[in-house]
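Read the structure below first, then the notes.
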Amino acid sequence: MPIVRVALDVPLSTLFDYVASEKTQLEIGQRVVVPFGRKQVLGVAMAWAESSDLAAERIKPVTQVLDDVPPLPQELLTLLQFCSDYYHYPLGMTVLSALPTRLRAVEPIAVKQSLDYTLSEAGRALDVATLPKRRVVQQRILQALRQAPLSGAQLRSLSPSAPAALKAMIEAGWIELVDRKSNPLPQAGERTNEKRNLLLGAHTLTVEQQQAVDAVSQQKGYGCFLLHGITGSGKTEIYVHLMHEMLQRGGQVLLLVPEINLTPQLENYFRSRFPDVDLVSLHSGLADGERAQNWLKAQSGEARIVLGTRLSVFTPLPNLGLILVDEEHDPSFKQQDGLRYSARDVAIFRANQRGVAIVLGSATPSLESWYNAQSGRYRLLKLTQRAVQPATLPTVRCMDITKLPLHEGLSEPLLTAIEARLQRKEQSLIFINRRGYAPVLMCTSCGWLSECKHCAGKLVLHQKDRSLRCHHCGAQQRVPHACPTCGDADLKPVGIGTQRLEETLQARFPAARILRVDRDSTRNKGAWNAMRKQIHDGEADILIGTQMLAKGHDFPNLTLVGVISPDGALYSADFRASEKLFAQLTQVGGRAGRADKAGEVIVQTAFPNHPLFQALRAHDYEIWAQTLLAERQMAGFPPFVYQALLSAEGKQQGEVNAFLQQARTAAMELKLPVEVYGVVPAAMPKRANHHRAQLLVQSDKRKALGEFLRAWKPVLDELPASRLRWVLDVDPMEF
Ligand code: ADP
Ligand code: ZN
Ligand code: ZN
């Protein structure tokens, strides 16, 4: 009897054997329903097996084969196998987590798009005249299907009682479902007329842009390109041209964008450039049904452009010919729970697997990518000029806050600059990475600080609703009337958050229309979109925002960006903090003066001569990257080493440490060429009453680290840890 190996959503690194009866006609890649324990669960058929370790009588049969959608292609299964191996995450959970929710359910999905109704052999043999006269609707359906297969929607339009008639006819065996003929791809030379107006509003490319487009489109087989272009240099325009090229050649394009960027605006933008092309988006904001449908359109080849966040890297794309990763440095490409994959890295593997080109675009590439471009593994493409006026980048000025008095955190030169914008009816953006009113509340007589009882963090003061909130665990309480320790009533907010900045600026500029954009003010669905429209329509004078405002939006009337208190990142324990800060400031600075007006960036810092600010003033990413690379090489940090982080958390600190110590001992005993560090508390040592600690392992060879992890992981799985949670994170981004 044929045995099939099935991937299931269980935390074990094995597949599960089932018997596929002869008549089920199971194909590899199909979803199946199988008994597991007392339940029926969904799985994916991964491979046939000659034999099983289980005794024959213990192997249960597959309950049901779901043939509602085509099987997952082998190429995708291979990709998922790679991810499972590389990230040391159970194969079954890897496979299942790649599926849209609807396809993870044990019921077949109601497919609207890609299946058509057609006459079965019996249906074709049927003589319409033999149907009873009163079955008019059945007769009509029969006649319609004689012409061509039809979708459910088309059949329903024949009559209100079509669904009932259809059901009866399916039960009678006259009608069956078939895969809609996925649009046969246009062959080169066909449909020339259509092609001509495929791409709307194309600019004549600059020399640099044209060189970049040529390099990528002439690539034969796999090639990874790093497109380093300053803000406004026309990277998006390059994507559009490359997409156009690939569509003409009959291929599909996958464009990955950071989480926050996938707004309706972006989708609409690409739709407007390719009005005749089937484009779908895939991100976590879609309803389950829509996501499943878009996914299926991609799988059938019908969707030619797939625009998505990190999860879309696992979309089956039979004609995939090009992958684009925009803002490749963005941390949101790394998944922070479950399968902790980097969508950028998986995309590179996928391009390699398929033998196609991939383009990583950024104004501030990740050091990993930059290093790979320097060493020749990636090909570097540069855009050094802005594509539109003003051709110049904004001027960057640093205000030394050790020498200037601050009014509620704002220096006089910044206030003056804002005032000038107000008079000229231009917009200013004040960038601060702290939401709330003030980072902490303090008692002036005894020094008490508002701390979270459950975390190793401070409670942030939110003035609007007079609450103290923990941004780590969500705990919330009312602001006390007096100090809980000494009873003094003089409690003072310390530090500045978005709300306090708003209050200060409003007091200073009473007539100004101020818009605060942070996670609190945009919590309601649609709020952010409404705000963006407000900004575009010139209904706001001063914008106060966290990083939400920094990314990828074009606000033509914005000419000033003020940066408040960026210094924390300069000397942070997180070795990536300054890399991230440079990227953020470059991006936020890139917002200033994109249309016909020159822009200005004012940074308030105690370290105006720090290399980061020097590079920022000179708009010199390369020198900054060089500085950072030298530092990283000396300190032995990525990209010069490869890391894996084992983190554990639990209610008892002793148990957490004991687990990690055992893991460490086991790691040393393997005697493999990796560096095993000591057990240390996590950056946030306590969160939501859980103590957190970690153990770092690294090697200067990716392969050596991989081999070590392969040996270590099974040992970890056996360690007693019933009251703990632990995860192994390969290429961790957060510590
Ligand atoms: P980036 O993605 O690098 O920040 P964009 O692709 O958004 O830059 O381009 C910035 C602006 O320049 C856009 O308004 C775009 O329409 C315009 N642009 C891009 N390329 C050209 C070109 N070759 N000629 C004229 N305008 C261009
Ligand atoms: Zn006190
Ligand atoms: Zn907390």
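Going from the start of the chain as shown, residues are counted 1 onward.
Heads up, the Cβ atoms here are built off N, Cα and C, so glycines get one too.
Residues annotated as domain 'Helicase ATP-binding' in TrEMBL: 216-383. Taken from TrEMBL, the feature Zn(2+) 1 binding site applies to Cys443, Cys446, Cys483, Cys486. Among the features that TrEMBL reports, Zn(2+) 2 binding site is placed at Cys452, Cys455, Cys470, Cys473.
Features recorded in TrEMBL, as mapped to the structure shown.
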residue: Cys443; record: Zn(2+) 1 binding site; Cβ within 10 Å: 21
residue: Cys446; record: Zn(2+) 1 binding site; Cβ within 10 Å: 12
residue: Cys452; record: Zn(2+) 2 binding site; Cβ within 10 Å: 23
residue: Cys455; record: Zn(2+) 2 binding site; Cβ within 10 Å: 22
residue: Cys470; record: Zn(2+) 2 binding site; Cβ within 10 Å: 21
residue: Cys473; record: Zn(2+) 2 binding site; Cβ within 10 Å: 18
residue: Cys483; record: Zn(2+) 1 binding site; Cβ within 10 Å: 20
residue: Cys486; record: Zn(2+) 1 binding site; Cβ within 10 Å: 12
Filtered binding-site residues, from Cys443, Cys446, Cys470, Cys483, whose Cβ is under 6 Å from an atom of ligand 3: Cys470
Chain-mates of Cys443, Cys446, Cys483, Cys486 with C-beta within 8 Å of site centroid, Zn(2+) 1: Thr444, Ser445, Gly447, Trp448, Ala482, Pro484, Thr485, Gly487, Asp488
In three-state DSSP terms, the structure that Cys443 (Zn(2+) 1 binding site) belongs to: strand
Nearest recorded site to Cys486 (Zn(2+) 1 binding site) by CA-CA distance, among binding-site residues Cys452, Cys455, Cys470, Cys473: Cys452
Alpha-carbon spacing, Cys455 (Zn(2+) 2 binding site) to Cys483 (Zn(2+) 1 binding site), which is rounded to whole Å: 20
Neighbourhood of ligand 2 - binding-site residues from Cys443, Cys446, Cys452, Cys486 with Cβ under 6 Å: Cys443, Cys446, Cys486
Overall pLDDT for the domain 'Helicase ATP-binding' (216-383), taken as the rounded mean: 94
Of the binding-site residues listed as Cys452, Cys470, Cys473, the one whose CA lies nearest the CA of Cys483 (Zn(2+) 1 binding site): Cys452
For the Zn(2+) 2 site built from Cys452, Cys455, Cys470, Cys473, further residues of that chain with CB within 8 A of the site's CB center: Lys453, His454, Gly457, Leu459, His471, His472, Gly474, Ala475, Arg687, Ala688
Pairwise CA distance, Cys470 (Zn(2+) 2 binding site) versus Cys443 (Zn(2+) 1 binding site), rounded so that it is a whole Å: 18
Inter-residue Cα distance where the pair is Cys452 (Zn(2+) 2 binding site) and Cys443 (Zn(2+) 1 binding site), in Å: 15
Rounded Cα-Cα span from Cys446 (Zn(2+) 1 binding site) to Cys452 (Zn(2+) 2 binding site), Å: 18
